[in-house]
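S.K.: I am attaching a structure below and will ask some questions about it afterwards.
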Amino acid sequence: MAQWDSFTDQQEDTDSCSESVKFDARSNTALLPPNPKNGPPLQEKLKSFKAALIALYLLVFAVLIPIIAIMAAQLLKWEMKNCTVGSINANSVSSSLLGRGNDSEHEVRFREVVMEHISKMEKRIQYISDTEENLVDSEHFQNFSVTTDQRFADVLLQLSTLVPTVQGHGNAVDEITRSLISLNTTLLDLHLYVETLNVKFQENTLKGQEEISKLKERVHNASAEIMSMKEEQVHLEQEIKREVKVLNNITNDLRLKDWEHSQTLRNITLIQGPPGPPGEKGDRGPTGESGPPGVPGPVGPPGLKGDRGSIGFPGSRGYPGQSGKTGRTGYPGPKGQKGEKGSGSILTPSATVRLVGGRGPHEGRVEILHNGQWGTVCDDHWELRAGQVVCRSLGYRGVKSVHKKAYFGQGTGPIWLNEVPCLGMESSIEECKIRQWGVRVCSHGEDAGVTCTL
């Protein structure tokens, strides 16, 4: 019973120790300064510390409960052993009172029972010593729990001191987030500005490309006009040479006539013949020196007017001259008034132009009929304006695209045209400025093609 009382005293001590630990934990948590501005991370840390404290208490109770159960079981076994020893003593006394007939057998049995009880008692004593050691160990554990509580209190104090530093770090983090947000907005503004600059640069490049293409067209048109002016200059030089030749022939004829007149004047004799008819009145010459007055002669009668001669025979008709070259195409006239809506009928296609090798009649390699033979067109300076003329001559509304490098396959026969400068207003390709028919500097690998709009 004394042991049981000591055990209950130890249990009360452990309960009081646990209550003191709880009170210390509560007091430590109460010592923490209330700060409504603490962020969620600090609250979560406090919650985690509370959970760790509760787990520590549960661990202490889990260790103490088995120790208490072991002590109670040992005490119950001790009481049962005392009862069994008393019953054995009573049985031995009763057996001695009944008789001593079978003393030897009873003595042997009694000794065996006593030896068994002695061995059991030794085991129980050993077990009690072990339980005492466990109790000593439990006291060490209590001391360890007290030290851990003290350490936990120190940790809570350190946490209370760390709260303002954590708040300062939180404020710094808030400032950093604000600066990051401002940097993000500035980066977005820069991105939008760069995108606008990119769009403007693309627009400027497109405008520059369009202007360059227009300048190329103007240069091409100027080069075509220069070539036409050179051709006109050549024609004028040839005409001037012909006129000079004609003038030389006329001057030679005049010289011959003058020489004939001079020869006839030389052959005139000095014998005075009958007076001829009066000549026409000449121009008034310069006033000469007055000579001596001569003897006045008789006045002759006036002559009669002669008859008009007969008309001579007409000369033979001359040979026809060479046909001149086609003149330069004039500038387009003013735009006419809008005509009435037609019936939608397709224009009659040209009989001198065709498209070969395409997937339909609206596209293919351009071939032209000249001198009864079909030929191709070289793709040098082959542009949309020439394709527009070809498509309109075939009865289509316009041109979709032009093709080079024998896109629809190589043709056969002659290559009639090269570098066809068209204005786009001609009704057929024959009306464009064609320099010459028949090209030798181009091959069928450069045959031109076109795709018309349906």
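A Cβ is built for glycine as well, from the same backbone N, Cα and C atoms used for every other residue.
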S.K.: Of 141-198, 199-256, 373-430, which range does Swiss-Prot call coiled coil?
M.R.: 199-256
S.K.: What range among 1-22, 23-44 does Swiss-Prot describe as region 'Disordered'?
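M.R.: Within the set 1-22, 23-44, Swiss-Prot attaches region 'Disordered' to 1-22.
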S.K.: Just to be sure I understand the packing, how many Cβ atoms besides its own are within 10 Å of the Cβ of Cys442 (disulfide bond)?
M.R.: 18
S.K.: By CA distance, which of the recorded positions (Asn184, Asn221, Asn249, Cys442) lies nearest to Cys432 (disulfide bond)?
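M.R.: Going through Asn184, Asn221, Asn249, Cys442 one by one, the Cα closest to that of Cys432 (disulfide bond) is Asn221.
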S.K.: Measuring Cα to Cα, how many Å separate Cys391 (disulfide bond) from Asn221 (N-linked glycosylation site)?
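M.R.: Spelling it out, the Cα of Cys391 (disulfide bond) and the Cα of Asn221 (N-linked glycosylation site) are 21 Å apart.
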S.K.: Spatially, and counting Cα to Cα, which of the recorded positions is closest to Cys422 (disulfide bond)? Options: Asn143, Asn221, Asn249, Cys378, Cys452.
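M.R.: Of all the candidates listed, Asn221 is nearest in space.
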S.K.: Name the secondary structure element type, per DSSP in three states, that contains Cys378 (disulfide bond).
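M.R.: SS state of Cys378 (disulfide bond) = strand.
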S.K.: Can you tell me the three-state DSSP label for Cys452 (disulfide bond)?
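M.R.: Its secondary structure by DSSP: strand.
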